[in-house]
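According to Swiss-Prot, the protein carries these features:
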DOMAIN    22-195  domain 'EngB-type G'
BINDING   30-37, 57-61, 75-78, 142-145, 174-176  GTP binding site
BINDING   Ser37, Thr59  Mg(2+) binding site
Amino acid sequence: MNITKAELVISAVKPEQYPDSGRPEVALAGRSNVGKSSFINKMINRKNLARTSSKPGKTQTLNFYLINDSFYFVDVPGYGFARVSKQERQKWGKMMETYFTTRETLKAALLLVDLRHPPTKDDVMMYEFFKHYEIPVIVIATKADKVPRGKQQKHAKIARETLRLAAGDSLILFSSETGQGKEEAWAALLPFLTE
Ligand SMILES: Nc1nc2c(ncn2[C@@H]2O[C@H](COP(=O)(O)OP(=O)(O)OP(=O)(O)O)[C@@H](O)[C@H]2O)c(=O)[nH]1
Ligand SMILES: [Mg+2]
């Protein structure tokens, strides 16, 4: 994928703020710190367009990145961050549920899980949520560079089994450090981005 242009169009918290260009979009989902913002940066060859942090909870809004004037990556706040209040969790839940259940231009979700560990209960819930709402989902197992090559397939199998991944759904091993899985991720995404 040749990236000629990438810009943050808006950081939204409510539907009135979502872009209304009608262009297709794919949204990220996953635990805080799993590497959602880093994934976007790696995919579009930008160092820190999507702001990342070693501390969880960096992304707080729905950030719409317009790529090549033709589609959006939507970066979202992560879940499973222990140090947030119940009230904040509810606010997060509402914002995400509204977005994922009403957005007509959403073509697919990218569910990011950490390849080093089995998916969490929240990861499983998120996967089941997408299945329930019939949102196509591509699972990306991040931080693959932290798992020795010889062990990656074993970890991938555990991830597939824990999520009870449907037969047709793909799980892509990915690293924002090395670029592993980048072409595979583009190949999986492209069918959703052409109108
Ligand atoms: N080694 C390694 N580190 C990674 C990878 N992806 C992300 N990281 C690191 O993990 C930390 C979190 O990355 P982010 O991209 O900010 O994570 P996020 O999912 O956007 O987090 P929130 O915005 O808090 O939900 C950063 O320190 C990244 O450098 C990866 O593939 N490999
Ligand atoms: Mg982030």
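Glycine residues also receive a Cβ, built from the backbone N, Cα and C atoms like all the rest.
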Local Cβ density at Lys58 (GTP binding site) - other Cβ atoms counted within 10 Å: 18
Contacting binding-site residues for ligand 2, chosen from Ser37, Lys58, Thr59, Thr61, Pro77 when the Cβ sits under 6 angstroms of any of its atoms: Ser37, Lys58, Thr59
Site with most surrounding Cβ atoms, counting all protein chains shown within 10 Å, from the binding-site residues Lys36, Lys143: Lys36
Distance, Thr59 (Mg(2+) binding site) to Phe174 (GTP binding site) (CA atoms, angstrom): 20
Under 8 Å by Cβ from Thr61 (GTP binding site), counting only residues of that chain that are 6 or more apart: Ser11, Ala12, Val13, Pro77
Thr61 (GTP binding site) - helix vs strand vs coil (DSSP): coil
Sequence-distant neighbours of Ser37 (Mg(2+) binding site) in its chain (C-beta under 8 A, six or more apart): Ala50, Arg51, Thr52, Lys58, Thr59, Asp75
